[in-house]
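Below: the structure, in C-alpha cells.
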Amino acid sequence: MKQLIQKLHKNRIFTLIVWLIVVLIAIISAPNITTSIQQYNQPQLSAKSQPSKAQKIRNDWGYGLKDTFTMDLVYQSSKGKLTAKQQQDIATQLSKLKDNQSYYSIKKISTIDTNLQGKPAMLSKDGSTEVATIDISNNGNSLRVLTNQLVDQAKVSGLKSYVTSPEVVRDVNNAKIAKVTTVSLIALFIAATLIIAIYLRSILAALVSFVTLFASFVTTYSLSLHLAMHFNWPFSDYSVLEIGFATLMIGTIWQIYILRRFRELLKAQPESHYSTKQTISDLRFPVTVVGLTLSFIFLCTTFINFNEIKSLYVLSIAYAVLILAVLTLTPVFMSALGESIFWPTSSKSKISKATYFEKAGEFSMWQPFASLLLVLYLILPFIYFFNSKLSYSPMTNLTQQDQAVKGAQTLSAHFTPGKPTPMIVYIQNDKPLNNEKYLQPLDALTTKLKANKNVDSVYSLTQPGGMQIEKYYVSNQLEAISFDTKQASGQLKKASVGIKTNARNLNLANLQQQVKDMQKLVGRSDRIVSRSNSLSNQVSQATSSVSSSERRSASKKIRRYQAKIKNLTEELQTVESGLSQLVSTGQIIQDYSQTNYTYIKDYSQQIKQINKQLQAVNKNVVSSSDQLNDIYDYLDGLQSSQAANVYYVTPQQLKGSDFKQTMANFGSQDQKTTMLQVVFNKDTDSGSNLKRVKDVQQQIKLQLRGTPLAKAKVAVTGEPVIESTIESRMNNKFVFLLSVLIIGMLLAVFILSRAILQPLYWTAAFVASAFTGFQLTYITMHFIAHVESFDWQVPIIAAGLLTAIASWQIISLGLSLRYTELPLLEWLIPTVKSYGTIVRYIVLVAIAFAIAMTFGASNALIEVALILIYTTLAFYLVLPMIIVSLGKLAVTLPSKENIIKNK
C-alpha cells in the first residue's frame with residue numbers, strides 16, 4: 001500500500017485529484033456567466049457620490065416609491081400627429097396596466113391625464129410622440145424580465161411603442177456584454193488551443209493546455225465571484241472577460257515555454273519523470289516571479305477608490321491560480337504521457353531566425369543616435385497628437401436593433417437630445433414646501449436653470465410643463481390690478497364731469513328770486529286771510545240784521561220777499577261757511593308759506609355750502625384721477641419688468657386641484673421633498689457632459705444661497721450625473737492606476753535584474769509603444785467605424801493586458817541581464833538575436849488572441865484588440881533599437897567623458 005501511494009505521488013495523481021475536486025466545486029457553486037454579469041448591470045458608486053445621496057432621499061419619498069426605478073413608455077406615430085382615437089387607445093392601454101399594477105410591480109404611472117400642467121413634457125411639439133412614466137419596484141424583480149413583459153403588454157395597434165430609460169439601456173448593454181463575454185471566451189479558448197497545437201504540432205499537448213487553462217479559469221472565476229457575493233468585494237461586468245484574458249494570454253505563453261523545454265529535455269533524457277522535474281525546476285523561478293509580480297501589482301489596485309479599477313484585483317487571483325495550475329497540473333500530464341504528449345508528431349518545428357531583431361540590433365550598434373532618432377520619429381507624433389477622449393455612455397456599444405435604444409433615439413428626435421437622459425435634482429427641506437416662502441425660491445431656481453445655455457427645459461413643482469403658469473405669478477396679478485385701476489380712473493373722470501355739471505345747475509340767483517317771490521306770496525296770503533276775516537264779519541252782521549227786520553215786518557210785501565231773503569240767508573250762511581273754511585285754509589297757507597320760506601332760505605344756504613364742497617370734491621377727484629393714472633403707469637411698467645416675474649401662489653390656489661396634482665407628481669408624500677428634472681440640449685456623449693453637470697450644480701448652490709432653502713439637502717442624479725461621476729473618477733484614478741502598474745513593474749525589474757537604467761529604458765519604450773497603439777487604434781476606428789471616442793472601460797482592460805505582456809518580456813530581459821557573465825556591450829547583440837525569436841512568438845500569440853476578441857462584435861473589444869496588436873507591433877519594432885542603442889550609449893558616453901577628463 002505504501003509503495004502504491006508513493007507511486008501515485010510520484011506520478012502526481014494526488015495533485016490531479018485535488019484539481020478535479022477544486023474544479024468540480026467551482027463549476028457547481030458558481031452561477032453561469034450571464035447571471036453573474038447581470039448582477040452588476042448598473043455602475044457601482046460610492047456612498048458619498050451624488051447618485052447615492054439622491055437615492056437615499058428618493059427612498060424617503062413615500063407613495064411606496066422606495067427602491068424603485070423609473071421607465072419611460074414611449075408611443076410614436078410614424079404618420080405624423082397622434083389622432084384623438086390613438087390618444088384614447090393609449091389611455092385605454094395605460095388603464096389596463098394600472099389595473100394590473102401589482103402583477104408588473106408597478107408603483108406609479110404618470111400620464112398626460114394625471115399631469116395636465118406637465119403636458120409639454122409628455123407630448124412632443126409635433127404631436128407625434130407621447131410619453132408615460134412608470135415607477136417599478138426592483139425588490140426581487142429582474143429589470144430585464146419586467147421590461148420584456150411591459151414591451152408586450154404596452155403595445156397599441158398602429159403605433160410604435162418602446163420601454164426605455166437609462167437603467168434599461170444599461171441593462172441591455174450588460175446583456176450584450178454577457179453575450180460578448182461568452183462568445184469571446186469560447187473564441188479565446190479555441191485560439192489558445194490552436195496556438196499550442198500549431199506551435200507544437202500536437203493535438204494532445206493542445207488538449208493538456210486546454211485542461212490546465214480551463215481549470216485555472218473556472219477556479220479563479222468561482223473564487224472571485226464568491227468573494228464579491230459574500231464579502232462585497234468589487235466586481236464589474238467586464239471582470240469575467242478580464243480573468244479570461246489574463247489566464248489564457250499568459251497561460252498560453254507559459255504553456256509554450258514549459259512544453260518546449262520539456263521536449264528539449266526529453267531528447268537528452270527520455271525518462272518523463274526526470275524531464276518533468278527538470279523542466280519545472282528550470283522554469284519555476286521566471287514563471288513564479290512574473291506571476292507573483294503581476295499578482296502584487298493588481299492587488300495594489302484595491303487601494304484605488306474606483307470600483308472598476310478596484311475590480312482588477314481579480315487578476316491577482318487569476319495569476320496566482322495560474323501559477324499553481326501551470327506548475328502543478330500540467331506536470332501531471334507531462335509525467336504521465338511523456339513523449340506521447342506531443343502526439344501525433346514529436347519532431348520539433350524549425351525555428352527561423354528573427355531577422356529584423358538581428359538587423360535592427362546591428363544598425364543600432366553602428367549608429368546608436370540615428371537609431372534613437374528613428375525611434376522618436378516613429379513614436380513621438382502619436383504621443384504628441386494623442387487623443388484621450390472617452391465615451392461614458394452605454395449607447396456606445398449598442399446598435400439600433402434593441403427596442404430600448406430605439407425608444408431613447410425616438411425621444412431624442414422628437415423632444416430634445418437630452419430627453420432620454422435627464423438630470424434629476426432632489427431638494428429635501430425640513431418643513432413642507434407647500435407655501436409661498438419655499439415655492440418662490442424654488443421657482444427662481446427653475447428659471448435660473450432654464451437660462452443655462454446647455455439646458456433645454458426644466459420641469460419642477462412650480463413649472464411642471466417647463467413653462468411658467470401665469471396665474472401663479474405677480475405679473476398676472478398686476479395685470480388684474482392695473483385693469484381695475486384703469487377702470488377706477490375712468491369712473492373718476494366721469495364723476496368729475498358730473499360734479500361740474502351739477503355745480504353749474506345749482507343757480508343761486510334763481511334760488512334768491514324764489515325766496516323773494518315766496519316772501520311776496522306770504523304777504524299776499526296774509527292779505528287774503530285778513531280780507532277773508534273782514535268779509536266773514538260783514539256777512540255775519542248782515543245775516544243777523546236781516547232776521548230782525550223780518551220779524552218786525554208784518555205786511556204781505558215783506559212776506560213775498562221773505563222766501564227770497566230766506567234763500568239769500570241760506571246762501572249767505574253757505575258763503576259764511578265757505579269763507580270760514582277759506583280763512584282756515586288761508587291760515588294754513590300762511591303757516592306753510594312761512595315754513596317754506598324758512599326752509600328755502602336754509603336750503604339756499606346749504607346749496608352755497610354744497611357748491612363750495614363740490615368744488616373741493618371736484619379738485620380731489622381730479623387729483624385722485626391723476627394719481628390713479630400715475631399708479632396705472634407704474635403698475636404697467638412694473639408688469640413689463642423682470643420684477644413682476646416672481647412666483648406668488650395664493651392660499652386659494654394652493655388648495656386648488658391643479659396645484660395638488662402637481663404636488664403629487666413633483667413632491668414627496670410629506671411634501672418636504674421635491675425634484676427638478678433638468679433636460680440638456682445635448683446628449684451625454686457630446687464630450688462636455690462633466691462640465692455641464694458641474695455648471696448646473698454650481699448654479700443650484702449659488703441660487704439657493706441666502707434663501708429659505710439654503711439649508712435644504714440637495715442631491716443630483718440621473719444618467720448625466722452618473723456618467724460625469726464616472727468620468728471624474730476616471731480622470732483622477734486612471735492616473736493612479738498607471739502609476740501603480742508602471743512603478744510596480746519597475747520595482748520588480750529593478751530588483752530582479754539588479755539594474756536600473758536599462759530596465760527603465762525598456763519600460764519607457766513599452767509605455768511609448770502603448771501610447772502609439774492607442775492612437776493608431778483611434779485613427780483606425782475613426783476612419784473605418786466613424787468612432788469618435790473609446791468606451792471608457794477600454795483603457796482599463798487594455799492596461800491589464802498590456803501590463804501582463806510587458807512584465808513577461810521585460811522581466812525576462814532583466815533576468816537575462818542579471819545572470820549573464822558577459823560585459824554589457826558583448827551581451828547586447830546575442831541577446832537581441834535570441835530574444836527576437838521569443839518576442840516574435842509573443843507577438844503572434846497576442847495577435848491571435850486579439851483576433852479572437854473581435855468575434856464578440858463589440859466595439860470595446862475590437863478597440864482593445866487593436867490596441868493590443870498595435871502596441872505589441874510597435875514594441876517589436878523599437879525594442880531592439882532601444883536595447884542596443886541605449887545599452888551602448890550607457891557604456892560609451894561615460895567612457896568618453898572619462899577620456900576628456902583625463903586629457
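Every residue, even glycine, has its Cβ placed from backbone N, Cα and C.
As annotated by TrEMBL, compositional bias 'Low complexity' applies to 536-548. Residues or ranges marked as domain 'Membrane transport protein MMPL' in TrEMBL: 65-369, 567-807. Per TrEMBL, the feature region 'Disordered' maps to 532-555. According to TrEMBL, the transmembrane segment annotation covers 12-33, 180-200, 207-231, 243-262, 283-306, 312-342, 363-386, 734-753, 760-784, 796-817, 838-858, 864-886.
Over the domain 'Membrane transport protein MMPL' (65-369) the predicted model carries a mean pLDDT of 89. The recorded stretches the transmembrane segment (207-231) and the transmembrane segment (363-386) do not share 3+ CB pairs below 8 A when only pairs 6 or more apart in sequence are counted, and are therefore not in contact. Counting Cβ pairs under 8 Å that are 6 or more residues apart, the transmembrane segment (12-33) and the transmembrane segment (796-817) reach fewer than 3 and are not in contact. Among residues of the same chain six or more beyond the transmembrane segment (760-784), those with a C-beta under 8 A of the stretch's C-beta atoms are 375, 378-379, 382-383, 385-387, 742, 745-746, 749, 790, 795, 798, 802, 806, 809-810, 813, 859, 862-863, 866-875, 878-879, 882-883, 886. The transmembrane segment (363-386) is not in contact with the transmembrane segment (283-306), judged by fewer than 3 CB-CB distances under 8 Å for residue pairs 6 or more apart in sequence. Counting residues 6+ beyond its ends, the transmembrane segment (838-858) has Cβ neighbours under 8 Å at 176-177, 179-181, 183-184, 187-188, 190-192, 194-195, 199, 245, 248-249, 252-253, 256, 354, 357, 397, 805, 808-809, 812, 864-866, 868-869, 872-873, 875-876, 879 in the same chain.
Relative to the transmembrane segment (243-262), the listed stretch 312-342 leads the set 283-306, 312-342, 796-817, 864-886 in CB pairs under 8 A. By the Cβ criterion (under 8 Å, sequence separation of 6 or more), the transmembrane segment (734-753) is not in contact with the transmembrane segment (864-886), since fewer than 3 such pairs are found.
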